[in-house]
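Enquirer: First the structure, which I've put down as structure tokens, then a few questions once you've had a look.
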Amino acid sequence: MNPFQKNESKETLFSPVSTEEVPPRPLSLPKKPSPKICGSNYPLGIAFIVVNEFCERFSYYGMKAVLTLYFLYFLHWSEDTSTSIYHAFSSLCYFTPILGAAIADSWLGKFKTIIYLSLVYVLGHVVKSLGALPIIGGQMVHTVLSLVGLSLIALGTGGIKPCVAAFGGDQFEEKHAEERTRYFSVFYLSINAGSLISTFITPMLRGDVQCFGEDCYALAFGVPGLLMVIALVVFTMGSKLYRKPPPEGNIVTQVAKCIWFAISNRFNNRSGDIPKRQHWLDWAAEKYPKQLIMDVKALTRVLFLYIPLPMFWALLDQQGSRWTLQATRMNGNLGFFVLQPDQMQVLNPLLVLIFIPLFDLVIYRLVSKCGINFSSLRKMAVGMILASLAFAVAAAVEIKINRMIPPQPGPQEIFLQTLNLADDDVKVTVLGDENNTLLEESIRSFQKMPHYAQLHLKTKRQDFHFYLKYHNLSVYTKHSMEEKNWYSLIILEDGKNISSMMVKDEENKTTNGMTAVRFVNTLHKEVNISLGKDTFLIVGEDYGVSAYTTVQSGEYPVVHCRTEDKDFSLNMGLLDPGTVYLFVIINSTNQNPQAWKMEDIPANKLSIAWQLPQYALVTAGEVMFSVTGLEFSYSQAPSSMKSVLQAAWLLTVAVGNIIVLVVAQFSGLVQWAEFILFSCLLLVVCLIFSIMGYYYFPIRPEDLQEPADKKIPHTQGNVINLETKKTKL
């Protein structure tokens, strides 16, 4: 029976409805044999498709790996805004596959859709890379270019997502079904390989390479863009080898129309004289074939189970946002290697490749031997529990981080440290507006201060009076300071006199795992400092203070410096990752100046390796939830509904990212409390899903076919006799 055949017209008591004909599928063109790989049954064209997918996934995941830090440090957005835009982009990437599937199935076909949307994809990478160049415009230009580029990338990657894998499957003949199954395994492997390599390499391009004196985000975005160009070129090279089936009509549209017609027809016929029907979809029988209605019934049963699923994706996709931000406040020095915060995401694809065979070959078999019926729905529920536990662990790590990092100044608060560069002790007294003493301490010459002092303001900005006593000399000065900032009071010596200057420190100077340095020059000449191949500083004479500069951690025994009349070198020693250093250039008894070193902010003490348990838990949850969920869904849906099911599955990912966006913008919770909130929400959703799964009765493949002895609905008098299979919800 053709599921899209036109129904015969019938006389009914119902209100008139349109008799729009469901278009039949076009006839398939004769399939010509394609060249094979090394005499096997694998078409040669799939080699180009697999390489294309590897490069495209490298492009997507590589760009996405550094996206949150780009928002935070290049565009200078807040952590909440960076998280929200990150998940808005992720959500858009999972909405656009519906558009791509519609274009491919109804208009262009898969091949042309992949080509055209890949061009859009490449254009998005070009615009995104231009937006990461500091020399192009200001922050507004960078923001506009970034958002336009991300929109084009979302359209490109989402549009080709439902087409590439299916196009590869189209290259096989029906008699080579076993080879086609192995192809999908290789295809999935190429996805994870691209993700694994790119999430390791692109953070290195960002952090290890300096562009215009800062992290090279333009290179980190440009290399994935180049990989997308290679993906497009490779895919186009195989054009003459591909089998290109014509568009067959969009089944997603047909399902939506069938459901809408059933709802509207039922609404238009609310009279009590009209006989009731066993299922609400039976109200589409006047227009759509019975087989299609039965398939949609089976589909809606699976979609009903999809309702709780977005909450799982809300947790899983925070690896690239909240968890990356958490890693920036941890020590990435593993002894043998310094791990960038955004490189921790490489654990997910790596653990996926390890856990899939581990679960399939070991864990599931052991559970089965114990006599436990570990059904697909139970595996998905356990996956939710593991993800919930992962966020509980992330909350514990966040609490531990908060105990170790310096506190941040809040409203009507400032943090102040005093740096005494005189040759003897100086007594410092800080007075408020009413001459009340706020701080009093005696500071030795070149004393390394253990911490910042906390001062409270009466307004957002306030003047403070400083009373300095040096030998028999007393100096009185005033400085204005603003809330939520860090300040350094530098005491200067000029012969027998002293003075002071107030320097505003930068907050969160090295939360990207690098090392930050700044210099105070006590010499009477300007100093040029070379910190690396592309990093240069100019520090003014007579207590000039440089800006903070980010450098690689490690040993700096010889740093070349130059004044107008001589060259010399400074020994900066070992620079630990995550530390902020202050270097004071002073004259010494010998011929060359020296650098006095002090830590403004100490190194991050908590190792980034503490994130390993939460990554292991959430990846185990992903393997049990995602892989099992797709397998279960495909087994429960009719063959004609596979594309609809894929679109619905991707939509749950999109909705999950929207949940994160809303929580990040409106929750107002501290980070550890937000992690606990997500953990508890997923536990509640897991309970709901378990109850839904308990009352779900799996269907058999034969239940999805119309029995041979069933007849097409016919009229007896003026009453429609509908024979439908009862679907238990």
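Keep in mind that glycine also has a Cβ here, set from the backbone N, Cα and C atoms.
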Enquirer: Write down the single range among 143-164, 605-626 that appears in TrEMBL as transmembrane segment.
Expert: 143-164
Enquirer: Any chance the transmembrane segment (84-104) and the transmembrane segment (647-669) have 3 or more Cβ pairs under 8 A, given the pairs are 6 or more apart in sequence?
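Expert: In this chain the transmembrane segment (84-104) contacts the transmembrane segment (647-669) - 3 or more Cβ pairs sit under 8 Å.
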Enquirer: Select the range from 217-235, 298-316, 346-367, 647-669 that forms the most Cβ-Cβ pairs under 8 Å with the transmembrane segment (143-164).
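Expert: Out of the listed stretches, 647-669 contacts the transmembrane segment (143-164) most.
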Enquirer: Using a Cβ cut-off of under 8 Å, list the residues of the same chain at least 6 residues beyond the transmembrane segment (116-137) that approach it.
Expert: 56, 59, 63, 70, 74, 100, 103, 108, 143-146, 148-157, 159-160, 211-212, 214, 217-218, 220-222, 224-225, 228-229, 231-232, 235
Enquirer: Counting only CB pairs under 8 A, let me know which of 58-78, 346-367, 675-697 has the most with the transmembrane segment (298-316).
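Expert: Most contacts with the transmembrane segment (298-316): 675-697.
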Enquirer: Six or more residues beyond either end and a Cβ under 8 Å away: which residues meet both conditions relative to the transmembrane segment (675-697)?
Expert: 301, 304-305, 307-309, 311-312, 314-315, 318, 322, 377-378, 380-381, 384-385, 387-389, 391-392, 394-395, 398, 663, 667, 669, 728
